[in-house]
Amino acid sequence: MPFSNSSELSPSFILASLPGLEAAQSWMAIPLCSAYVLAVLANGAVLLVVRAEPSLHAPMYFFLCMLAAIDLALATATVPRILCFYWFGSREISFGACLLQMFLIHTLSAVESTVLLAMAVDRYVAICHPLRHAAVLTNGATAKIGLLAMARGVLFFLPLPLLLLPLPFCGPRVLSHSFCLHQDVMNLACANTTPSVVYGLTAILLVMGLDAVLICLSYLLILKAVLRLAAWRERLKVFSTCIAHICVVLAFYVPLIGLSVVHRFGKDLAPLVHIVMGNVYILVPAVLNPIIYGVRTKQIQRRILSLIHVTDR
């Protein structure tokens, strides 16, 4: 497919196709579409259940609603565009649309990281200072944390597209993924990208990196408190309240780290690896998060089953 004839001032980019599998992309889009539909239904169900069930009107479940909304927004910002490419062959994405998509992906990822940290703090206070939990994490405080998470993501990652805006792009402008990421777009610029590299790395370390360290610290303190309990059964019962959150943290950070490693050290890897890792990073948390909490939370299970039963009637 020929590249865009757009000028360097307003370039367009070519989304990565599955190498050697271009003819089968329309069929391979079916599992991607199925995963997206599952993510929309599952996260939508979590939002509806928490809203309808008064017993779930607590900070932990409000944070879960934030995760569901973030995952819905992140998947919707990327997957429909990928499906248009796979089904209709629309590989070209404009410079403005690419920068907007890039901003949404990085900002929403930062917001999700902050919410995961807030959930870790919620578990720490609930286990280590149970008498202060209701006073510290009120519904008002939870709403403020959500707004702070959004503001933090926007403030840290808004400069990324602004730093790329004045750069010239020349030669083949083929991305490594089926959507736009800062590292990917930046590598296509034919100019000095040092400010963009330094700021991008700094933002990642100060947001996702710092959040990961603080989450680990929270669980070290939780583990220390749990080990003080005399009975093993009591220890397991208390720590089991953290299992769902730990799984959600791993579902977010493992694909994030994997994608970062592929970008940093995977220049010689097959293009298919980059595409698969990118899709995993976008869809795995969106699909797994509501399933994990649905399995671990009896109130959510009962409410969803009751909704299904009413629908069947």
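Just so you know, glycine gets a Cβ as well, placed from its N, Cα and C.
Distant neighbours of the transmembrane segment (27-49): 18, 21, 56, 64-65, 68-69, 71-72, 75-76, 79-80, 82-83, 86-87, 279, 283, 286-287, 289-291, 293-294, 300, 303-304, 307; these residues of the same chain sit at least 6 beyond its ends, with a Cβ under 8 Å from one of its Cβ atoms. The annotation transmembrane segment is assigned in TrEMBL to 27-49 (among others).
As annotated by TrEMBL, domain 'G-protein coupled receptors family 1 profile' applies to 42-293.
Within the chain carrying the transmembrane segment (61-88), a Cβ under 8 angstroms from the stretch's Cβ atoms is held by residues 15, 17, 25-26, 28-29, 32-33, 36, 39-40, 43-44, 46-47, 50-51, 101, 104-105, 108-109, 111-112, 115-116, 118-119, 122, 139, 142-143, 145-146, 149, 178-179, 248, 279, 282-283, 285-286, 289-290, 293, all 6 or more beyond its ends. Sequence annotations record features per position, and here TrEMBL assigns transmembrane segment to 61-88 (among others).
The transmembrane segment annotation in TrEMBL covers 94-121 (among others). Beyond the transmembrane segment (94-121), the same-chain residues lying 6 or more positions past its ends with a Cβ under 8 Å from any Cβ of the stretch are 6, 10-13, 60, 63-64, 66-67, 70-71, 73-74, 77-78, 81, 142, 145-146, 148-150, 152-154, 156-158, 160-161, 164-165, 169, 179-182, 185, 203, 207-208, 211-212, 214-215, 218-219, 245, 248-249, 252, 256, 282, 285.
Feature annotation from TrEMBL assigns transmembrane segment to 142-165 (among others).
Feature annotation from TrEMBL assigns transmembrane segment to 197-222 (among others).
According to TrEMBL, the feature transmembrane segment maps to 243-266 (among others).
Positions annotated as transmembrane segment by TrEMBL: 272-295 (among others).
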Against which stretches of its own chain does the transmembrane segment (142-165) lie, if we need a Cβ under 8 Å and a gap of at least six residues from its ends? 59, 62-63, 66, 99-100, 102-103, 106-111, 114-115, 118, 182, 185-186, 189, 195-196, 199-200, 203, 206-207
Same-chain residue ranges lying at least 6 outside the transmembrane segment (197-222) that approach it to Cβ under 8 Å: 106, 109-110, 113-114, 116-117, 120-121, 123-124, 127-128, 152-153, 156-157, 159-160, 163, 182-183, 186, 239, 242, 246, 249, 253, 256, 260
